[in-house]
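Trainee: Sharing the record's features from TrEMBL:
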COMPBIAS  408-417  compositional bias 'Basic and acidic residues'
COMPBIAS  448-461  compositional bias 'Basic and acidic residues'
COMPBIAS  472-489  compositional bias 'Basic and acidic residues'
DOMAIN    546-761  domain 'TSP C-terminal'
REGION    309-332  region 'Disordered'
REGION    339-358  region 'Disordered'
REGION    376-500  region 'Disordered'
REPEAT    315-350  repeat 'TSP type-3'
REPEAT    374-409  repeat 'TSP type-3'
REPEAT    433-470  repeat 'TSP type-3'
REPEAT    471-506  repeat 'TSP type-3'
SIGNAL    1-18  signal peptide
Amino acid sequence: MFFPAIVVFFATQAIVAAGSEERQYGDLQDWYLNNIHIANSNYNYSEPEVFRPGMDKPIRQCDERYGKLFKEVEFLRNLMSKCTGCVGKLSNPAPNADGCFPGACYKDVPCTVPSVTLAIRRRASLECGVIREGDFPYYESGSCPAGYEGNGTVCNQLDVCAKKPCYRGVDCQWIKDSPYYKCGSCPSGYGGDGRNCKKVDFCAKQPCFPNVNCSWKDSAPYFKCGSCPAGYAGDGISCGRNPCLQNPCFKGVSCQKKAVDPYFSCGPCPPGLAGNGIVCGKDSDSDGYPDEELNCKEPTCTRDNCKVQPNSGQEDTNRNGIGDACEDDIDSDGVKNDVDNCPKTFNPRQKDSDGDGVGDECDNCARVKNTNQMDTDRDGMGDSCDDDIDGDGKRNSADNCPKAYNPKQEDSDRDGVGDLCDNCPKRYNPKQKDSDGDEVGDVCSSKSDSDGDGRQDDRDNCPYVANAGQLDTDKDGVGDACDPDKDNDGVPNKVDNCELRWNPNQADRDRDGLGDVCDTDFDGDGAEDWRDNCPRNGQIRRSDFSNFSRVALDPEGTSQRDPEWEVLNNGAEIFQKHNSDPGLAIGNDKVEGLDFEGTFFVKSAARDDDFVGFVFGYVSNRKFYFASWKREEQTYWKSHPFEATATAGVLLKLVNSQTGPGTMLRNSLWNDASKQGQTKLLWQDRAKKGWQFNTAYRWKLLHRPEIGLIRFRLFRGQVLEADSGNLFDFTIKGGRMGVYCFSQALITWSNLKYSCNDEIPRDIYSQLSPETRRKVKPSNNNWLS
């Protein structure tokens with residue numbers, strides 16, 4: 001009975017013949033819909049009296065076949081609608097041992113057939129799960145499985161989650177075991193089983209600084225600390241002593257907190273003043289010492305021993321209380337300083353055996369001419385007559401780096417030049433030619449500099465992150481600027497409380513956010529942070545031009561001699577004696593973000609009117625920034641290769657020379673205007689006011705390469721003489737510092753100070769565009785006041 005019905009039901013095509021014509025249908029349903037009158041007729045009819053136009057005229061054979069067919073189909077339709085659980089088993093309807101058809105009842109639900117007569121079964125129809133006399137067959141379904149509901153034939157999962165048994169916001173999931181649902185984890189900041197969740201008492205662990213209130217909050221870290229106690233600063237979790245909140249420093253002086261008593265230090269006094277930062281007094285010569293003694297104990301509170309001329313070292317050779325800078329005969333030998341060949345050593349006879357202008361009494365090579373008195377190893381013997389200039393135990397003739405201490409004499413490329421002083425340590429180049437003066441030999445020089453920091457990629461420890469200083473604290477070959485663990489202690493920089501000092505245990509006894517090992521000395525260079533001019537750079541601790549480099553910018557010119565430099569005050573003061581060709585004295589330290597200040601002073605005895613200045617961002621003798629100040633307008637006397645004219649006043653320039661030192665660069669330095677391929681004028685003071693003899697001028701410079709910011713200010717005492725305003729140039733990402741002169745004698749650069757600083761002073765920050773401000777963070781200090 002079932003088999004022929006199913007075969008016909010799933011047929012893909014039905015064909016009905018009517019006379020000589022044959023019409024095709026897509027399936028049985030298609031035929032049925034077009035011949036509905038037959039289905040609605042008596043199954044035993046002989047001929048229908050009427051049929052709709054376009055319908056196939058049925059023949060008796062078709063009538064009988066389809067009469068039976070539709071009876072079967074009608075039965076199947078009723079069966080399927082009553083027992084959906086049986087549908088999938090129609091292809092094999094043989095009963096099992098219990099007399100039930102497979103699939104009649106829900107999976108794993110017991111199915112039984114009561115004892116009834118076979119005759120009743122044969123004429124019965126099926127309705128699963130319900131016993132009804134006269135129906136076929138008689139099925140009895142058991143109960144649905146645990147966690148389900150239904151009549152045993154159809155069973156559905158209990159919707160336990162609809163009753164929301166879990167805590168607010170916690171996921172509910174159905175499971176097959178009692179209680180037939182599972183709750184997810186409690187929300188962040190809460191604890192429990194998902195059904196019952198309570199706030200976690202994070203304050204119980206006392207995460208806040210002692211005596212600071214702790215309260216719960218509904219977002220990470222799920223607690224909130226109150227304000228630090230009076231005299232402390234921080235986020236409530238970490239608090240450090242901060243007397244700076246009580247403004248203990250002189251007006252306009254920055255305050256920095258310290259980890260030791262008195263827990264703060266003050267910055268330098270404002271221009272034209274000197275003292276300890278708490279107390280400041282008038283400083284007429286801007287050398288860092290007040291004209292009169294102040295009521296404080298620091299050395300910078302003592303009375304200046306020469307208040308009319310800068311002398312930041314307070315040198316007093318004859319110890320008479322008058323500084324050497326103010327005495328015309330320092331050594332009291334009866335010979336005036338200006339003509340004394342040993343101005344600081346008693347030598348009335350002025351004997352000078354080698355004729356180098358330096359008397360035998362103070363000449364470090366009395367029998368060998370050496371006007372510059374260079375002494376690399378500082379052993380008291382000048383390089384010109386020292387058979388071991390660098391003091392490494394190797395005689396100069398056998399030393400592959402005679403001016404650099406290298407007792408092991410490594411020479412990777414076997415060119416006779418030791419690795420320590422070889423400008424191409426991996427390439428054979430015994431001549432060491434370096435045309436652009438960038439300390440990279442021509443044979444291995446490359447213009448590839450992806451980050452634009454002045455270091456070619458194959459010699460850059462962070463080739464894709466600008467880091468002119470090339471600082472590498474852990475010496476792993478990866479610069480700090482791109483090293484995720486600068487101190488190699490296994491703690492990433494972002495969470496390391498001493499990112500420059502090895503401290504894997506992160507101990508912090510005072511809970512001020514700084515680890516114990518770096519509480520007072522962050523970079524571990526031996527200088528406490530409040531004294532350290534670069535507290536996050538272990539290579540720099542104070543301003544020092546002692547080991548400077550001489551850079552001649554017109555080395556082949558003969559119109560003037562090269563500058564002669566003298567370094568004083570442990571590298572914080574420089575004196576240049578001669579009317580000279582353009583030249584630089586460049587320190588060794590390299591920085592990115594920079595604060596740089598110093599004092600100009602020109603003695604009246606010089607009787608000239610030319611250039612005095614300073615340098616920053618020095619990359620090579622072809623590339624650097626400089627400030628230059630001319631006393632009076634003048635055209636340079638050498639008109640080749642072009643006529644150069646300078647007006648009085650101060651200006652800032654970028655040197656980016658294609659030729660390097662020589663006559664073209666020389667004239668470009670003299671010339672006010674930009675010169676293509678040589679210099680670019682960044683700013684010129686509109687007042688065009690020249691400097692004056694015997695007058696101290698204090699400059700302040702701020703350079704932040706990250707945003708290209710340059711700011712320059714010039715003071716005479718406490719009076720502001722010039723201000724460049726905020727300038728922007730991205731050419732140089734940082735470099736070395738130094739001083740500059742051109743055709744001017746008897747210049748003193750005094751009280752020289754530089755510091756590493758990437759922060760933007762608060763008052764400068766307020767002047768930046770919104771777009772630029774988004775790139776940086778302001779500091780708490782001001783720079784303009």
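Here the Cβ of each residue, glycine as well, is placed from N, Cα and C on the backbone.
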Trainee: Counting each residue once, how many in the compositional bias 'Basic and acidic residues' (472-489) are helix, strand and coil under DSSP?
Mentor: 3 helix, 0 strand, 15 coil
Trainee: What are the DSSP helix, strand and coil residue counts for the repeat 'TSP type-3' (433-470)?
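Mentor: Across the repeat 'TSP type-3' (433-470), the residues distribute as 6 helix, 0 strand, 32 coil.
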Trainee: Tell me the residue counts in helix, strand and coil for the repeat 'TSP type-3' (315-350), as DSSP assigns them.
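Mentor: Split into helix, strand and coil, the repeat 'TSP type-3' (315-350) gives 3 helix, 0 strand, 33 coil.
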